[in-house]
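I have placed the structure first, in the form of structure tokens, so that the comments after it can refer back to it.
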Amino acid sequence: MSSITVAAHAKINLTLYVGNKRSDGYHDIDSIMHQIVLSDEITVSADDSLRLTVAEGTAPAGEDNLMWTAARRFLDAASLTKGLSMILKKRIPSPAGMGGGSADAAAVLLAANEVYDHPLSQDELLSLAAGLGADVPFCLAGGCARCQGIGEKMTPVTPWHGLPLVIVRPDISVSTGAAYAQIDASSHKRPDTTEQMVQALEEKNISLLSASLMNHFEEGLFPQEDELARTSEALSRFGRPFQMTGSGSAFFLIADDLKEARHIAETISREHSAWYTAVTETL
Ligand SMILES: C[C@@](CO)(OP(=O)(O)O)[C@H](O)COP(=O)(O)OP(=O)(O)OC[C@H]1O[C@@H](n2ccc(N)nc2=O)[C@H](O)[C@@H]1O
Ligand SMILES: Nc1ncnc2c1ncn2[C@@H]1O[C@H](COP(=O)(O)OP(=O)(O)O)[C@@H](O)[C@H]1O
């Protein structure tokens, strides 16, 4: 196969417990990540050199894009003296806590392996993924998983397909590194509800899922970033479960059905025209 087009799906964190800082500067986490339908589109073709075109939306060009690093490391690991031509249609908001760059990098690893007839095993791809970023192994494995360690220790969890979601991203960016540092500075720790969330997903129990939503970053970031607190307030009036995803600044709200999701998204976008809003579903 000389060319392939794939979807690079965004993720949401249904739970995100942040543990202590480790000696390597990273933090152990306990998080249920779920892929969602919202995705970037990536076309990867065999070529003599490495090229990247951003054909839609906004993302770093060339070497600053994680896709470039993923492609370079794939070619080196597979001992290929060839290149790859990559076209990105960027649709996932960024940065947002939705793992867009990680999803793109994982998609490049999988697509490049297809294009060059599987020179690397799944374990070799996972090891390349772990070297690219904490969320990349999950994006490579996909579905729904409990992610521990810094995200690389994954246990598959029963996904809940088709939960209707409204995604809202206020017009601010949060630095992931700064968000982790903020957690170190705060003494409050919410209890870890990840076990409970696994049970909620297995039972498809929306009340238990709603009660188990938890993101440690909210505690430290909301008092610091007015716009995040404002987004939380704007979402609270719909009476549906919602939460910030990852280190922000996007939120997800779980609607009863797609019709309600569209109504909520329209209402928010009318009142906050600078905010990104989208309707999607869990994958
Ligand atoms: C917070 C989470 C939750 O899913 O997602 P996002 O908000 O980025 O989507 C992840 O842990 C983000 O993973 P990822 O975005 O891949 O992080 P990286 O680029 O590897 O790390 C950026 C910086 O965040 C800090 N970091 C990251 C992961 C981790 N477990 N502990 C950390 O302390 C480190 O300071 C690191 O230098
Ligand atoms: N393919 C990519 N898509 C988006 N951002 C990318 C990509 N490659 C590198 N980046 C860089 O990564 C940063 C984090 O982006 P992103 O992965 O979307 O964040 P998050 O994980 O918080 O959703 C961006 O600000 C950008 O500089």
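Cβ coordinates come from backbone N, Cα and C, glycine included.
Marked as active site by TrEMBL: Lys11, Asp135. Among the features that TrEMBL reports, ATP binding site is placed at Pro93, Ser94, Pro95, Ala96, Gly97, Met98, Gly99, Gly100, Gly101, Ser102, Ala103. Feature annotation from TrEMBL assigns domain 'GHMP kinase N-terminal' to 65-143. Residues annotated as domain 'GHMP kinase C-terminal' in TrEMBL: 197-270.
Where TrEMBL records a feature, it is marked here on the structure.
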residue	record	CB count, 10 Å
Lys11	active site	29
Pro93	ATP binding site	23
Pro95	ATP binding site	18
Gly97	ATP binding site	28
Gly99	ATP binding site	31
Gly101	ATP binding site	26
Ala103	ATP binding site	28
Asp135	active site	28
Could you list, ordered by sequence, which of these binding-site residues: Pro95, Gly99, Ala103, have a Cβ under 6 Å from ligand 1? Gly99
Not counting Pro93, Ser94, Pro95, Ala96, Gly97, Met98, Gly99, Gly100, Gly101, Ser102, Ala103, residues with a CB within 8 A of the CB centroid of the ATP site are Ala10, Ile92, Gly246, Ala250
Tell me, by DSSP, whether Lys11 (active site) is helix, strand or coil? strand
Anything from the recorded positions Lys11, Pro93, Pro95, Gly99, Gly101 with its Cβ under 6 A from ligand 2? List those in sequence order. Pro95, Gly99, Gly101
Of the binding-site residues Pro93, Gly97, Gly99, Gly101, the one whose Cα sits nearest to the Cα of Lys11 (active site) is Gly99
Cα-Cα distance linking Asp135 (active site) and Gly99 (ATP binding site), given in Å to the nearest integer: 7
Separation of alpha carbons, Asp135 (active site) and Pro93 (ATP binding site) (Å): 16
Could you give the mean pLDDT over the domain 'GHMP kinase C-terminal' (197-270), rounded to a whole number? 97
